[in-house]
Amino acid sequence: MVTPKFRRVILKLSGEALAGQKGYGIDPEVVYSIASQIKDVLEHRVQLAIVVGGGNIWRGISGSTKGMDRATADYMGMLATVINSLALQDALEKIEVDTRVQTSFEMRAVAETYIRRRAIRHMEKGRVVIFAAGTGNPYFSTDTTAALRAAEVEAEIILMAKQVDGVYDADPLKHPGAKRFDELTYIDVLNRGLQVMDSTAVSLCMDNKIPLLVFDLNTEGNIKRAILGERIGTFVGGDLNG
């Protein structure tokens, strides 16, 4: 068995990743495909936690731009992440992957409340932990949740699963000549305003020296390739020269 490069990782999934070609809602076949990739990764004894967004159901910032109270809209977005997390848990458990959903605020009927030490213990026992409901606070994205939880559970890297194969200097769908970066520093991302994650999340990763790998989720087996240390996507870290 190939030894993984990373022992404990956070996988960040967008809500749109669960929607498939429809772009909204949840596509059970897509969720099952993601779950199968995750199961394949666990065979390498990797400790895995997941943060999933809610944009396939609701975006808080979109609601606030149309007159809705921002805090209320963000709480609705947090609930959307819980729906996605339960869908992913269901898919994982159907293929016999022991999974726990932990929410940032109490929802005892459907999930555990987030407790750092319990989350770490679950991972040490080989269970997948899905962190739902964001940070539990409005005005913070699920990218920031991923950075925060990665720092708390001492993850070695955040794997940013996207719909594109890395970070570009322009939208590759609109600009065919856009350049893809193999490596970037946190400062590069912040100074250039690159769409990796929001600036709060990038700063949190920089302060805690948590690297990022941005890669294409749509390529089968890429989660495994990322964890085994294959060169895919775009790596974001500190001083890449030293």
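For all residues, glycine too, the Cβ spot is worked out from N, Cα and C.
According to Swiss-Prot:
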{"type": "BINDING", "residues": "LYS12, LEU13, SER14, GLY15, GLY55, ARG59, GLN163, TYR168, ASP171", "note": "ATP binding site"}
{"type": "BINDING", "residues": "GLY54, ASP74, THR135, GLY136, ASN137, PRO138, TYR139, PHE140, SER141, THR142", "note": "UMP binding site"}
{"type": "REGION", "residues": "20-25", "note": "region 'Involved in allosteric activation by GTP'"}
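Positions of the features from Swiss-Prot, shown on the structure.
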| residue | record | DSSP (3 states) |
| --- | --- | --- |
| LYS12 | ATP binding site | strand |
| GLY54 | UMP binding site | coil |
| THR135 | UMP binding site | coil |
| SER141 | UMP binding site | coil |
| GLN163 | ATP binding site | coil |
| ASP171 | ATP binding site | coil |
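As a whole number, the greatest separation of Cα atoms within the ATP-binding residue list LYS12, LEU13, SER14, GLY15, GLY55, ARG59, GLN163, TYR168, ASP171 is 24 Å. The Cβ of GLY54 (UMP binding site) has GLY15, GLY77, MET78, LEU79, ALA80, THR81, ILE83, ASN84, THR142 as same-chain neighbours under 8 Å, each 6 or more residues away in sequence.
Note on the binding-site residues ASN137, GLN163: the fewest other CB atoms within 10 A surround the CB of GLN163. Counting only same-chain residues six or more apart in sequence, the Cβ atoms lying under 8 angstroms from the Cβ of LYS12 (ATP binding site) belong to ILE50, VAL51, VAL52, GLY53, THR142, ASP143, ALA146, ILE158, LEU159, MET160, ALA161, MET197. Residues GLY54, ASP74, THR135, GLY136, ASN137, PRO138, TYR139, PHE140, SER141, THR142 are the ones the record ties to UMP, and the longest Cα gap between any two of them is 15 Å.
Other residues of the chain with a Cβ within 8 Å of the Cβ centroid of GLY54, ASP74, THR135, GLY136, ASN137, PRO138, TYR139, PHE140, SER141, THR142, the UMP site, are GLY60, GLY77, MET78, GLY134, THR144, THR145. A separation of roughly 29 Å, to the nearest angstrom, links the Cα atoms of THR135 (UMP binding site) and ASP171 (ATP binding site).
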